[in-house]
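What Swiss-Prot says about this one:
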type	residues	note
BINDING	ASN10, LYS12	substrate binding site
ACT_SITE	HIS95	active site, electrophile
ACT_SITE	GLU165	active site, proton acceptor
Amino acid sequence: MARTFFIGGNFKMNGSKASIKEIVDRLNGASIPSNVEVVIAPPAIYLDHAVALNKRKEVKISAQNAYSKASGAYTGENSVEQIKDVGAEWVILGHSERRTYFNETDEIVAEKTKFALDSGVKVILCIGETLEEKQQNITLQVVQRQLQAVLEKVQDWTNVVVAYEPVWAIGTGLAATAEDAQDIHHSIREFLAEKLSRDVADSVRILYGGSANGKNAVTFKDKADVDGFLVGGASLKPEFVDIINSRV
């Protein structure tokens, strides 16, 4: 099954009005293949700024997080309805930095994922192992556990993109080899086929999210189960366009 190549750009807690304008303007003027979907995730305070600047139908805007309640006394949180209200269509959930620094458990991520999907946004669901877990050779057990928590709450995966992000590679400059990533992605797809169906598994896009950049993105070009990238630091730089075009 042909899956549309997907590039996500997670700006994290970086950027200003000026720098985000520069990034969006660069995308507005870039050559983007028609068969590529691009989603950028600026900080929440700049979501409507990015939406207003964006001129490309291939480019959508995402939040980096959302709470699992519609409204209420949850100081500092953003609801899915608020995210939709400013024009964003996606949300990143389960990112390792949320799991690590903000103590988000598999259960919390699953609840957020179900609530976001039920509320009408699409989800980039992040999973991945730490260095310690990698050294213990339990990568597959970890990602399957993380997926299983969501599978218990979400049956329809039409609007879910999975991002495999080896935590040991994020922001370190280290990266899994294309071959290693392909092996993990294939195992993830087989797990989804077992738990859902072959058709669903073959339709779900699985991204690589560990220090992808303009130089190493092309090495993943012929990997059948690598359907794109969730890019961190490189999404703030001109090389983000190179990553978008890495399958051309």
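Heads up, the Cβ atoms here are built off N, Cα and C, so glycines get one too.
Overlay of Swiss-Prot annotations on the structure.
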{"residue": "ASN10", "record": "substrate binding site", "CB count, 10 Å": "26"}
{"residue": "LYS12", "record": "substrate binding site", "CB count, 10 Å": "17"}
{"residue": "HIS95", "record": "active site, electrophile", "CB count, 10 Å": "29"}
{"residue": "GLU165", "record": "active site, proton acceptor", "CB count, 10 Å": "27"}
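The secondary structure of ASN10 (substrate binding site), as reduced to three states from DSSP, is extended strand. Between the C-alpha atoms of ASN10 (substrate binding site) and the residue listed as 'active site, electrophile', the distance comes to 10 Å.
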